[in-house]
Structures are given as structure tokens and as C-alpha cells.
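S.K.: Features from Swiss-Prot:
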BINDING   140-202  ATP binding site
BINDING   GLN282, GLU294  Mg(2+) 1 binding site
BINDING   GLN282, GLU294  Mn(2+) 1 binding site
BINDING   GLU294, ASN296  Mn(2+) 2 binding site
BINDING   GLU294, ASN296  Mg(2+) 2 binding site
DOMAIN    109-324  domain 'ATP-grasp'
Amino acid sequence: MKVLLIGGGAREHAIAMALKKNELVELYTLMKNKNPGIYALSEEVSFNSETDVPAIKEFAEKIKPEIAVIGPESPLGVGAADLLEEMGIPTVGPKKLPAQIETSKEFMRNLFKKYEIDGSLKYAAFNEYGNEIESFIDEMTSLGKDVVVKPAGLTGGKGVKVVGEQLKDNDEAKIYAKEVFDKSIGGGKIIIEEKLVGVEFTLHGFVDGENITFMPAVQDHPHAYNNDEGPITGGMGSYSCPNHGLPFISEDMLDRAEKIMEKTVNSINLEVGPYKGFLYGQFMLTADGPKIIEYNARFGDPEAMNLLPILKTDFLDVCFAIAEGKLDKMNIEFENKATVCKYVVPNGYPIDPVKNKELAVAEKAIEDAGAILFYASINEENGKLYITGSRSAAVVGISENIEEAEKIAQKAIENFKGEVYYRSDIGTLDLIKKRIERVKKLAK
């Protein structure tokens, strides 16, 4: 069974591992750098940019896969799924138009407005800097609301800036908004939204064009440093719980979040056609219930590393059900286990990361700790590993409870030597208690 995988990060390493649990799978991967974890699982690798559509076509024509799985967002944005579907290859990953739920923040917000989907917020989109932006921000200030400045296109999770975190106040938000246009960050178009106050969580679904099957809820940690301090990153780690919920969210609130995602899928279908693939909703649990921060048209990274290792159902079967519109005929199960994922990242990440420095990884010690190792933005050359400037590698601890899973992950994360750092507090009971207390305060 030939499977084409596009992408070379830790998320794709998790996808590759999950696929290879089926002994029939022969994996063929197109990726930019030599990720040693994915390379070891692949029959053949094409080293090309994941947005190089002619290279994707050439590789697919050569290997003739029976199904394709697209990992990152960038190939979705250039129509990789459209190409593969046109070639007659069942594909897991939305086509270019449905993928706008991630690639165009304006499309996402307009969809919520048009179809009156719950969980929306006050926002405005702008094509240039001028009086309109300043007036909108001034209006938000008069309402007592801080703002979030979001480049409208893809920025790898690092273009968003929030007042009270990366920005001092709404006046500084104006300065950053001008910078987005001056530097054409994320395509040189922006969304300015009201800042949501609450606790973040993520919810994933398998989507087959009509049906959505939900996965366990996960909490990501986007801030670079312990205690949720520092700049926003692509995600420093995450955890999930044995009951598939989270300690600070009720079943009712989780159900409301699921209904928001269900209506989103239906609205995408009505607006631009069927959505097939993985859908990731990033939510803020506020005093008014769950609100959507943004959607991703693929697995979250790091969340894929929490979810896929505890998937009991054959992942290849799930992929075919997505591609063929048959999710309603499947009973998809996850183990009732806790997971904790922690990332090592280059010193200086995400602002000014060191690059092309050697990273020593004690793989045996990580295995002995009981953790799973996932390679991310790593390049292997002549038997040595080099960091490339983005997140380097992740470890995942899995156990009956969060406390034990965190201990496994922490023991494992100490087995990297190089110019890297990590957050030691992810999955700890102290940090989780802070989340619970924050939600209690919201309810008052």
C-alpha cells in the first residue's frame, strides 16, 4: 500500500509513525530537509519544497500512490490537494478553497459572520494602513477592549501580536499594524480583532466532506518561556487528559465548541465546497463560553504528537474514510491515556534563532525514559543533526495520568545537547491549577 506523505516536521513524523503501524504501508515522502525520523520510515524520499507543485506532481507520477496525506498548511495553500485529486489520488487534506479557513483569516471571519456561527468576535480587515485602522482601534479603546493584530496570511504562527503580551497598548498595536504593511508580513493584509480573555484549548476533528469525528481536547502552550511568558511561538508543548477533556472545561462547554466546528464544516461546504482532511480549532474559553481564535486546515503541531500515538483505530483506515467520505461508517477510538509533549527549540527562537548548529540527541536514553521522540526542523548531514532555526525536536510521555506522563516527558527532554532550550512547566500540576483558577475567576 503506497502512501505519499508531504511534509517534514514533527507533525509529519507523528503522521508517518501512525501510518507505519499498519504493516502494509509503504511510505513515500516529499520534504525539504532530511528529517531523520521520517527518512528512516520511508521507502523513498523526494527532497523538495512542500510548495513545489511540479515536484509534487513528478514524484506522485513516479510512485503512483494509492492515497496521499498532506501535513503542513503551505502545500494546501498552493493547491497540492487539488493537483493530487485531479491525478485521481485520494487525498487527505482540503483543496485550496476550503483550506482558506486557515490560509485567509479574513475568509474565516467573514464565514462566521455570513453563516451566523457562534463563537465569533468583533473584527475588521484592512488592505492598507490609514485612518480606517486608527479609527477602528480607537473605537475598540473607547469600548474598553484591547486588540489583536493578525497578518491575514500564513506566518507560521508567529505573526500575531496581542496587546498586553507582545504589545504594550492599543497605540503600540497601530505601530505594529503599520509594520505589517511596510514589511508585507503575511501577505501585507491584516485583521484586527478584539482581544479575548480566558484560557486557550484546541479541538481537532477528522472531516470527510460532510461528517466530523472529534478527537480528545488538547491544551497547547504558545509562549516561549515558563509561566506563559515571552513571545508567541508555533507551540512549545501540549498535554491531553485520560478522559479526553481538560481539567478546566466542562462537558457543556466542550459540546458548544464541537457544535461551532460542525457548523463551520457545513458553512465551508456551502461556501466553497467539501472540506476533507484534519481540522483544528483553536478556542478561547471566555466568560461567554468558547470563542474561536483561529482554525488550522491540518493537524496542530505539537497536538498531533499528543493525539496520534493514542489513536487505537488504524490510521490508514481513518485516512481512507476521510478521502472517501465514509467517516460515518467508522467507530474511531482513542486510548484513555494522558499525554505530555515538550519541544526543544533553538536558542533565540522565535525572534532570532541560532541556525545550523549541531544537536546531540541521546535517542536510547529518551527511549529508556519511556518517551516517544519526534524530529522537527532538523537536517541530517553525514550522520550529524543540525538545527535549522525553527523548533528542533519533541518528546512525548504517555501514562495513566498527567503527573506520570509529565515526568516521562521531562526526563526525556533532558537528553538533548546543543544550543537549545525548552519549557519545563508544560503538563505540571502547578501550571494546570493556574488554568483552573483562571477559569474560576472568569465565572465570577
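Note that Cβ sites are derived from N, Cα and C of the backbone, with glycine treated the same way.
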S.K.: To the nearest whole angstrom, state the Cα distance for the pair MET140 (ATP binding site) and GLU294 (Mg(2+) 1 binding site).
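M.R.: MET140 (ATP binding site) and GLU294 (Mg(2+) 1 binding site) have their Cα atoms 20 Å apart.
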S.K.: So of all those binding-site residues, VAL148, GLY164, GLU172, VAL180, which one's Cα sits nearest to ASN296 (Mn(2+) 2 binding site)?
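M.R.: Closest recorded candidate to ASN296 (Mn(2+) 2 binding site) by Cα: VAL148.
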S.K.: Report the nearest neighbour of GLN282 (Mg(2+) 1 binding site) in space among the binding-site residues VAL148, GLY164, GLU172, LEU196, comparing Cα positions.
M.R.: LEU196
S.K.: Give the three-state DSSP assignment (helix, strand or coil) for GLU172 (ATP binding site).
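M.R.: Once the DSSP labels are grouped into three classes, GLU172 (ATP binding site) ends up as helix.
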S.K.: Grab the pLDDT values for the domain 'ATP-grasp' (109-324) and give me their mean, rounded.
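M.R.: The predicted confidence over the domain 'ATP-grasp' (109-324), as a mean pLDDT, is 94.
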S.K.: How big is the gap, in Å, between the Cα of VAL180 (ATP binding site) and that of GLU294 (Mg(2+) 1 binding site), rounded to a whole number?
M.R.: 19
S.K.: Comparing the binding-site residues GLU172, GLU294, which residue's C-beta has the most other C-beta atoms within 10 angstroms in this structure?
M.R.: GLU294
S.K.: Determine the Cβ neighbour count for LEU196 (ATP binding site): the number of other Cβ atoms within 10 Å of its Cβ.
M.R.: 21
S.K.: What is the one among the binding-site residues GLN282, ASN296 whose Cβ has the most other Cβ atoms less than or equal to 10 Å away?
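M.R.: Compared across GLN282, ASN296, the most Cβ atoms within 10 Å surround ASN296.
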